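Visitor: Following this message is one structure expressed as structure tokens.
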Amino acid sequence: MQCPTCQNTDSRVLESRSADSGKSVRRRRECLNCSFRFTTYERVESMPVSVMKKDGSRELFDKQKLFTGISRACEKTNFSSEAIINFVDGIESQIVQDSNKDIKSSQIGELILKNLRKENEVAYIRYASVYRKFNGVKDFISTLESLKGSSKNQLASIS
């Protein structure tokens, strides 16, 4: 690892520890030339995932877009910022695991809806209204009815 001060490539590791919930390794290093101490992080390089849009175009998966859309759906709900970050991380992990370098944007949308439905019904309705392009009250009512029906089925299976 190159020293940020003198550019020497020889350093020794003073300390290593897990960081980012085990997704990276934090190393404290010391330059053998100038004794400057610095920190490095090592992460597994993830395979780039290409998103196939409805119009046939492709673009690289953008976690920030995912975060923005989910954050908007979760505004003024009991979903904390940390919970949103964890939710987005979980969706990203599923996308990387399930896709073979390519995934349709519709698959991402359905994956988000499936997971939001379990986590927060209000955020689910908000996201669904944009993703499924609700045209009026009827669309909201049918989605609410399906939520209501699934809640009854869950209660019946518990009883």
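The backbone N, Cα and C atoms fix where each Cβ goes, glycine too.
Pasting the relevant annotations from Swiss-Prot:
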type	residues	note
COMPBIAS	1-11	compositional bias 'Polar residues'
REGION	1-21	region 'Disordered'
ZN_FING	3-34	zinc finger
DOMAIN	49-139	domain 'ATP-cone'
Visitor: So how many of the residues in the compositional bias 'Polar residues' (1-11) end up helix, strand or coil by DSSP?
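Guide: Reading the DSSP string over the compositional bias 'Polar residues' (1-11) gives 0 helix, 1 strand, 10 coil.
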Visitor: Can you break down the domain 'ATP-cone' (49-139) into helix, strand and coil residue counts using DSSP?
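Guide: The breakdown for the domain 'ATP-cone' (49-139) reads 59 helix, 9 strand, 23 coil.
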